[in-house]
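Participant: Here's a structure for you.
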Amino acid sequence: MEEQPNRPTWSKQIEFTLAGIGCAVGLGNIWRFPYLCYRSGGGAFLVPYLLMLFVLGIPLLHMELTVGQYTRRGPVHALAIVCPLFKGVGMASVAISFIMCTYYNLVITWALYYLFSSFQAPLPWQTCNNTWNTPNCTDHATNSSYSSTASQEFFKYRMLQQTSGVDEIGTIRMELCLLLILAWILIYLCIFKGVKSTGKVVYFTALFPYVILIALLINNAQLPGALEGIKFFILPKWEKLLSLEVWVNAAAQIFNSIGIGFGSLMAMSSYNSFHNNVLKDTLTISIINSLTSILAGFVIFSAFGYMSYLQGIPVTDLAVDGPGLVYVVYPQAFANMPVAQLWAVLFFLMLLCLGLDSEFAMVEVLVTSLLDEFNQKLLQIFRWKELLVLAVCGAAFIIGIPCVMEGGIYVFQLMDHYTAIVSIMFLAFFEVIAICWIYGVKQLSSNLEEMTGKRPNVFFRACWLVIAPPLITVILIFSIIQFKPARYEDYVFPPWAQGIGWVIAMASIIWIPLAAFHTLWLLPGSFMQRLKLSITPYALSNIPKMPYYERGGNHGDQDKNVISLHNYLPEKPPVEAEF
């Protein structure tokens, strides 16, 4: 491995903790968690959710932070060190993070659009007296499928100018394109100096959303009908716990919310000081992430109760799903609140902060991995790291342009479905197998003891060895069994679009088998010797530069194929020497 001298570290350890919280806490806490509670029995969902937090979320986050901090490398090199055979998992996590950052920034673009629109009086989604409204528009929502609210029509016909399907991609929405450029400028200004600049920004972006959430909860709790919505959230429907889907969804929500498998937190932890107390960061990030989801649940369900009161229908009959929850249902509630503009501005500013934190992490994974692998070469080309970050942001912006076209919502939905749902479960499965079973709990415990002076307790060792791998396997199998083709509302994507979706999914997954073949090709000896080396930590780090025939090729003297394996197995990982 190419050494990276003078690797920067966080100025203060609290900066990593805040960055980790910002990475884990995102828009999924605001819309995905409440939606799962809504359809999974309200308070009953909290039982499997909290159980999965303690047996899956916390142990696996502890595992990732330990590996990142010990190796002091991003996910590509970290996985290549601990398990060369599965180094492709690290490459896949970089690929999936880059793909996600190209379309996830669209959510920030929408937040900017709504933020600027919130300064108008009345709010543009408050009435149907606008040029984009249809005859079916109604100022007050009903349970009729033949009418649409002013909020729905603002999202669909004003901001998106949505076409009828992915076949009609339309033209570029210049307003959204300019806002997308602004979003990438904000991202660049926050990360171009690496952890030195990101560490300062997260003081605001990670903490400000909590101020807004608490203020919204205080305001919402005073609205008529809010108590009914909160009751729906906290009172369990125990019969829902008999459904396997509810338990799998709880595990998947913990998994995706914390970001296991994305490589973001592993990359961030690689900038920690070597002796940092990684357990403290693990508990802080994971517990605050889940508490944020529960706090957001109270905020969102109090608004549901208010909407239920205004519409005269039960909370169970509200139309709630995905982005529509944040950009349709909640803005509709704002329109009827006192001082509507103030609450709208604060809410969308909060969404902007949540989106920026998650975007920081995804871009940082790619930048960290590129510098780990090609540090000297990249600096020769770009001269400064700042120009490399600019090139990454520019490339991601260009790839994301189809998302700001009139049919962009379909592109967004297609990419999200095949990336966040399909790809991530495969990555997580192979990562857990590589670290927990092949690298081994014993070695991982020794690494932790070397850094902190303490070995993990029996709970963590049991979760890593016995609980996490089978549980991830069950989630993966269930995800495959219940997999459904991508759709947006009632629109089902045509077969050719589904095919493109699978290409997008394979763009990350394919690195796992390709890298495995590459590792076996690089290593010396017979096939069994190569296989043994491929699951040996640091094996790739100790390969001398040899001619092809000395790597087990068919050319040259046959005696040269006899390789002494102990030459490639260090007695102790050369941590101090390399890092």
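Placed from the backbone N, Cα and C atoms, the Cβ positions cover glycine too.
The annotation transmembrane segment is assigned in TrEMBL to 14-31, 43-62, 94-116, 176-195, 201-221, 242-263, 283-306, 342-367, 387-412, 418-441, 462-481, 501-523. The Na(+) binding site feature in TrEMBL is assigned to Gly22, Ala24, Val25, Asn29, Ser257, Asn289, Leu354, Asp357, Ser358. What TrEMBL lists as disulfide bond is Cys128-Cys137.
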Participant: Around the Na(+) site formed by Gly22, Ala24, Val25, Asn29, Ser257, Asn289, Leu354, Asp357, Ser358, which additional residues qualify by having Cβ within 8 Å of the site's Cβ center?
Facilitator: Ile21, Cys23, Gly26, Gly28, Thr292
Participant: Calculate the distance in Å between the alpha carbons (Cα) of Val25 (Na(+) binding site) and Cys128 (disulfide bond), and round it to a whole number.
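Facilitator: If we compare the Cα positions of Val25 (Na(+) binding site) and Cys128 (disulfide bond), the gap is 35 Å.
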Participant: What does the structure give for the C-alpha distance between Leu354 (Na(+) binding site) and Cys137 (disulfide bond)? Integer Å is fine.
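Facilitator: Distance (Cα to Cα, whole Å): 31 Å.
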Participant: Do any residues of this chain, six or more beyond the ends of the transmembrane segment (242-263), have a C-beta under 8 angstroms from a C-beta of it, and if so which?
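Facilitator: For the transmembrane segment (242-263), the far contacts come to 23-24, 26, 28-29, 32-33, 36, 40-41, 44-45, 48-49, 51-53, 56-57, 60-61, 64, 74-75, 90, 93-94, 96-97, 100, 285-286, 289-290, 293, 361-362, 365, 369, 420, 424-425, 427-428, 431, 471, 474-475, 478-479, 482.
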Participant: With pairs fewer than 6 apart in sequence excluded, do the transmembrane segment (201-221) and the transmembrane segment (283-306) have three or more C-beta pairs that lie under 8 Å?
Facilitator: yes
Participant: With Cβ distances under 8 Å as the criterion, find the stretch in 94-116, 201-221, 387-412, 418-441, 462-481 that has the most pairs with the transmembrane segment (176-195).
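Facilitator: The stretch with the most close Cβ contacts to the transmembrane segment (176-195) is 387-412.
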Participant: Pairs 6 or more apart in sequence, C-beta under 8 angstroms, 3 or more of them: is that satisfied by the transmembrane segment (201-221) and the transmembrane segment (94-116)?
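Facilitator: These two segments do not touch.
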Participant: Counting CB pairs under 8 Å, which listed stretch among 14-31, 43-62, 94-116, 418-441, 501-523 touches the transmembrane segment (462-481) the most?
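Facilitator: Stretch with maximum Cβ contacts: 418-441.
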Participant: To the transmembrane segment (94-116), which of 14-31, 43-62, 342-367, 418-441, 501-523 is linked by the most Cβ pairs under 8 Å?
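Facilitator: That would be 342-367.
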